[in-house]
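Novice: Quick one: the structure is below, questions incoming.
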Amino acid sequence: MATNAAPTAPVCSAPMKATSNGAFQKENPLDFALPLLIVQIILVVSFTRLLAFLLRPLRQPRVIAEIVGGILLGPSALGRYQKFLDIIFPKKSMTVLDTLANIGLLYFLFLVGLELDIRAIRRTGTNSLIIAVAGISLPFILGIGASVVLRSTVNKGVSNIVFLVFMGVALSITAFPVLARILAELKLLTTDVGRIAMSAAAVNDVVAWILLALAIALSGSDSSYLVSVWVLLCGTAFIVFSIFVLKPILSVMARRSPEGEPVKELYICITLSIVLAAGLITDIIGIHALFGAFVVGIIIPKDGPFAGVLIEKIEDLVSGLFLPLYFASSGLKTNVATIEGSQSWGLLVLVIFTACFGKIVGTVVLAMLFKVPFIEALALGVLMNTKGLVELIVLNIGKDRKVLNDQTFAILVLMALFTTFITTPIVMAVYKPARKGKPYKNRKIQRQDLDSELRVLACFHSTRNIPTLINLIESSRGTRKKGQLCIYAMHLMELSERSSAISMIHKARKNGLPFWNKKPGDQNQMVIAFEAYQQLRSVVIRPMTAISPLNSIHEDICTSADRKRAALIIMPFHKHQRVDGTMESLGHSFHLVNQRVLRHAPCSVGILVDRGLGGTTQVVASEVSYSVVVPFFGSQDDREALAYGMRMAEHPGIKLTLLKFTPKPETALNPPKADMGAESKKDNEIFSEFLNLSKSSESVKHEAISMGSREDVIAALRSMSNSTLFLVGRTSPAMPLSDRSSDCPELGHVGSYLASSDFSTTSSILVIQQYDPSINAMEKPLDDINEASNKTMSNGV
């Protein structure tokens, strides 16, 4: 008897187990979730970092490498080999990969919110606000036309309103974090263009998130608009709940984390858990978990160390390891091969043109109405056309919610990639701000007109350098009524690959204001220290900030010195003294910064070896009692050091001693004195000025020392080892004073010996190099670099 076979149910593949028993048990580790995930992470991170390294000469932001890396790993390139996808990115592993990528994205959006200061957005000027609105409105309107074309050709069968909103958001977004990094890389942060772009992009960022929330609310599977209204109302209620319930809780934890004390681990754990809980709530509401994390980041108090510690705890793990997984996940959904035929490529050109035209034209027209020059307005429009992570988030949400099909998704991803890629080269081509200041003559301390203003660019890395700098400034201010001292205090900040560089940029923009324009809540330790000193003394102090990678920050320093007409640049030595008296290096990169400044400086340069000049606090004028020593061997650098010492000797609390070394005939000098006749004449002239000063002041004296060997020099210097400060010429014609070769050639023979722990642990040293136009590298090579890279300085007002 025949039997009817029952229909077979579809067979589902078994879920992946977490770990394997090992290869020796004849199990393939890549068939298990954890080993496969580890391989995926290593591959994605290594591949994107390699691409970032290869794109570095083109000065592209890292997000470009991560987007391209994701696309190349997907079906557009390597994924065309099905075996590769089946082994490395099998479909059964994608849930785990996407979940981990979204956890990373959740915390990254928390970091973005943490670094977005709503107070700064409230203070955005009218011009920037209107430019931002124009930069959003015109692309959004043009996006309507593009959405009609796309919907009638390649993206049929979706709600017109929902697709319109997604297209409008995708075309009108400006990637705030990516823009900040491009501006910093091009050294445009503190130019007018940079300031307007940052303010407008911050406003654009907030508006984009609001529009995205609207788009998500409208894109639910339920076609009823009543559901969308409920989603928006619940989202609004969540924001109100966050402000009035979560923010006070977070504020209490921030207040209980005072400056100088470690933040409790419990507070970090509670905050990170609140981020996850907020993500869960917004996911339940239906506006994506990312919004909850972003809102929590925004409401956390930005004052005090609490926000900074949160960033420090999670940014490296999130940005370095988890975020590239999101780009890989996005790339695996992007199949460029779906763009085929003249129609598809024509639509890609249309979308790119619409995005660029809307952003650039809208921004340029409004900027020119506010009397921004055309070239600056054009650069601003190109900068505002930058896309990035938020763009990919919008597109991925649209694809997950079936608003965008594969072809439309690929077109919009390539649009985002193209518009961001062209930003840097176009801005470098069209916007070439003047970098050099007007010619000026007082590029040295030694000068004919002693009553002219002395301008000094004093650089520092951290608060550690400030007391010594202020005490040095106090000692240098002299007593002349006309010859005042003007100090440009420049904070040197390294621009790293970390996302927290954005908060550093905010800080720099605030610090770039004159002290008297600062708002009460914006002050920090560094500003307060210089402000207090300025109010007490007749010294003009201007704050400045340079934010650059350490391999190019010397350009900021040298250009700022040239434009501010400085006569002296003071650089902190790359080593600082530990409690036991030994010198500890801050890193080789800081060492190279000083060497580059010496080569390219447009004026004299001093390297300050800080051993606590005047102690660890600022000394009031009446308590200044320093003994300053100038070892004088005879060279242009020695003359510059002596000229500085003579200026310091005008201060009633300074005792100046000149050690005048005269070599015996048989003494071999290294380096030998060049052009003996002319050099000796100049040495005698400044020595005569010194003698006239010593006759009128009891605090100025000199000792003549005949040197036949290095032991004579060492003995003379050791006799003054209790002095407060040594002013030393960098290229003093003296023999090496140590058997060991120095690792600090920028200090010269005498400076290297004085800076060694063998000599003293209390005497600070200022090694001075006099400006020499015949060998100065600023005049041509740096100008060539500037012209090629089209960078502008990172300085304050």
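Quick reminder: no glycine exception, Cβ is built from N, Cα and C everywhere.
Unlike curated records, TrEMBL annotations are generated automatically.
Since we're looking at a predicted model, the values are computed, not measured.
So TrEMBL lists the following for this protein:
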type	residues	note
DOMAIN	45-427	domain 'Cation/H+ exchanger transmembrane'
DOMAIN	484-621	domain 'Cation/H(+) antiporter central'
DOMAIN	625-772	domain 'Cation/H(+) antiporter C-terminal'
TRANSMEM	32-51	transmembrane segment
TRANSMEM	63-79	transmembrane segment
TRANSMEM	99-116	transmembrane segment
TRANSMEM	128-149	transmembrane segment
TRANSMEM	161-184	transmembrane segment
TRANSMEM	196-219	transmembrane segment
TRANSMEM	225-246	transmembrane segment
TRANSMEM	267-300	transmembrane segment
TRANSMEM	345-370	transmembrane segment
TRANSMEM	377-397	transmembrane segment
TRANSMEM	409-431	transmembrane segment
Novice: Go through the chain and flag residues at least 6 beyond the ends of the transmembrane segment (225-246) whose CB is under 8 A from any CB in it; none is fine as an answer.
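Specialist: Tertiary neighbours of the transmembrane segment (225-246) are 213-214, 216-218, 274, 278, 281-282, 285-287, 291-292, 295-296, 299.
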Novice: DSSP on the domain 'Cation/H(+) antiporter C-terminal' (625-772): how many residues come out helix, how many strand, how many coil?
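Specialist: Each residue of the domain 'Cation/H(+) antiporter C-terminal' (625-772) counted once, the result is 54 helix, 36 strand, 58 coil.
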Novice: Are there residues at least 6 beyond the ends of the transmembrane segment (128-149) whose Cβ is under 8 Å from a Cβ of it, and what are they?
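Specialist: Answer is 160, 163-164, 166-172, 174, 195-196, 199-201, 203-204, 207-208, 347, 350-351, 354-355, 357-359, 361-363, 365-367, 370, 380-381, 384.
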Novice: Between the transmembrane segment (196-219) and the transmembrane segment (409-431), are there three or more C-beta pairs closer than 8 Å, counting only pairs 6 or more apart along the chain?
Specialist: no
Novice: Need a quick answer: max count of Cβ pairs under 8 Å to the transmembrane segment (267-300), which of 99-116, 345-370, 377-397 is it?
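Specialist: If we count Cβ pairs closer than 8 Å to the transmembrane segment (267-300), 99-116 scores highest.
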Novice: Quick test of the contact rule: Cβ under 8 Å, at least six residues beyond the ends. What residues does that give for the transmembrane segment (409-431)?
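Specialist: Hits for the transmembrane segment (409-431): 58-61, 63-64, 67-68, 71, 76, 150, 154, 170, 175, 178, 182, 185-186, 188, 193, 330, 333-336, 338-339, 344, 347-348, 351-352, 355-356, 375-376, 378-379, 382-383, 385-388, 391-392, 395, 398-399, 789-790.
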Novice: What is the average pLDDT across the domain 'Cation/H(+) antiporter C-terminal' (625-772)?
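Specialist: A mean pLDDT of 83 is what the model gives the domain 'Cation/H(+) antiporter C-terminal' (625-772).
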